[in-house]
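Sequence annotations record features per position, and here Swiss-Prot assigns N-linked glycosylation site to ASN303 based on sequence analysis. Per Swiss-Prot, region 'Disordered' is recorded for 1-36. Look at Swiss-Prot and you will find 1-64, 106-141, 260-273, 342-362, 406-427 tagged as topological domain 'Cytoplasmic'. The feature topological domain 'Extracellular' is assigned by Swiss-Prot to 163-178, 224-238, 295-320, 449-488. What Swiss-Prot records for 65-82, 85-105, 142-162, 179-199, 203-223, 239-259, 274-294, 321-341, 363-383, 385-405, 428-448 is transmembrane segment.
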Amino acid sequence: MSGEKQAEESIVVSGEDEVAGRKVEDSAAEEDIDGNGGNGFSMKSFLWHGGSAWDAWFSCASNQVAQVLLTLPYSFSQLGMLSGILLQIFYGLMGSWTAYLISVLYVEYRARMEKQEAKSFKNHVIQWFEVLDGLLGPYWKAAGLAFNCTFLLFGSVIQLIACASNIYYINDRLDKRTWTYIFGACCATTVFIPSFHNYRIWSFLGLGMTTYTAWYLTIASFLHGQAEGVTHSGPTKLVLYFTGATNILYTFGGHAVTVEIMHAMWKPRKFKSIYLMATLYVFTLTLPSASAVYWAFGDQLLNHSNAFSLLPKTRFRDTAVILMLIHQFITFGFACTPLYFVWEKAIGMHHTKSLCLRALVRLPVVVPIWFLAIIFPFFGPINSAVGALLVTFTVYIIPALAHMLTYRTASARRNAAEKPPFFIPSWAGVYVINAFIVVWVLVLGFGFGGWASMTNFIRQIDTFGLFAKCYQCKPPPAPIAAGAHHRR
């Protein structure tokens, strides 16, 4: 690693933007050398220390396709087949663009900080709200912190709800609320994972698990064939259409942790196209599985937000359930780790080197997540509500606006650490795309999507109530009559 760094430093680079960008890469590489303690190979480093472009790709792809694999067929039943496919592609590409914007702003922020203040981030994890603060000021910091933390909080809640929903299809002797208690305790162990730098083996395994599950859903649906009397009537209601659309918006809005993943890389500038590459792979999982399950079961999915509930119990389904449970533990860690960082910084413990002490101070973060998962156990509808109210701003509107404002002056554009991508030759083109995203997501995602998602969410509360003991469970068998009991 040190030899690679020396080779990079020997290259004469012209232009302030390239020098600043190279400083970002070199300082990140130095941090990794310090953390690994040399060039010697060890199994611990191989499994535990991940900062390559491949590590970032696995992290992005693994984090993007968690429990949404199981709710996308439900969204297809609300949208119809054609809209479901087209919106996946559209929001996937839009999400890749805003992830690119976030990566550009991270490089810009870090280059400016290291150039102006000679600031070292050796023991400090840069987060999205700090990027906004450094580039645009305290009001943007407050907005980024509020939206990002709330989204990640509910993202963690969704993983707990999904754990309880999935395990119920293997063991229904316990209700879903009890399973939520159990998995809340299990997921609390993520406090021992220091940062995204240490998710190497977990990201690799997590993507393998979702790949198995996606192809299980696809193959099992085709082998099952179409259910008797199946109908495909979607879309039938505007409220259902926009609810399904915002669930897909949520699916491809998993880059609330982009900055933390970039910071864990040895060369953060390489992140620019990684999210797009991850999204293209995710398409190979989400499009076939959602289409196949919807083809097989049609409108039945409107009352079954978890695709596992309609497939017959087999050892292959049980395997998929178990793998998804493990993956949801990993995704819980992905969503919660930035919250751990924020909490550590708030109480002045972020630079503590003791792993056990950091784990201890992180535990209070898990408690409200646990509590909210018990209050709102609505697997499926909660995804759409979070997508409409939080993802719209966190990963679409705020990054697009922040990019436009950061480079609003000619001098900022001239000295930018990253120029527009090769396929957009001018800054005007970048501004047009960003403005389109802001208007589209604000009107259709937040406006119509928020109305539809909250209408559906409130309907779930009215039907099942808060603290529902077993959301969408089969009703218990009728009790045996007293007279029949005496005759036995």
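Here the Cβ of each residue, glycine as well, is placed from N, Cα and C on the backbone.
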Request  = Report the listed stretch (179-199, 203-223, 239-259, 321-341, 428-448) having the maximum count of Cβ pairs within less than 8 Å of the transmembrane segment (274-294).
outcome  = 203-223
Request  = May I ask whether the transmembrane segment (203-223) has at least three C-beta pairs under 8 Å with the transmembrane segment (321-341), counting pairs 6 or more apart in sequence?
outcome  = yes
Message = Counting across all protein chains present, how many other Cβ atoms fall within 10 Å of the Cβ of ASN303 (N-linked glycosylation site)?
response = 11
Query = Between the transmembrane segment (142-162) and the transmembrane segment (203-223), are there at least three Cβ pairs closer than 8 Å, leaving out pairs fewer than 6 positions apart?
reply = no
Inquiry  = Take the C-beta pairs under 8 A between the transmembrane segment (85-105) and each of 239-259, 385-405, 428-448. Which stretch has the highest count?
reply    = 239-259
Query = Are the transmembrane segment (363-383) and the transmembrane segment (203-223) close, by which I mean at least 3 Cβ pairs under 8 Å that are 6+ residues apart in sequence?
reply = no
Query = Are the transmembrane segment (239-259) and the transmembrane segment (385-405) close, by which I mean at least 3 Cβ pairs under 8 Å that are 6+ residues apart in sequence?
reply = yes
Request  = For the topological domain 'Cytoplasmic' (106-141), jot down how many residues DSSP puts in helix, in strand and in coil.
outcome  = 24 helix, 0 strand, 12 coil
Message = Within this structure, do the transmembrane segment (428-448) and the transmembrane segment (65-82) have 3 or more Cβ pairs under 8 angstroms, counting pairs 6 or more apart in sequence?
response = no
Query = Is the number of Cβ-Cβ pairs under 8 Å between the transmembrane segment (385-405) and the transmembrane segment (428-448) three or more, considering only pairs separated by 6 or more positions?
reply = yes
Task = Summarise the model's confidence over the topological domain 'Cytoplasmic' (106-141) as a mean pLDDT value.
result = 85
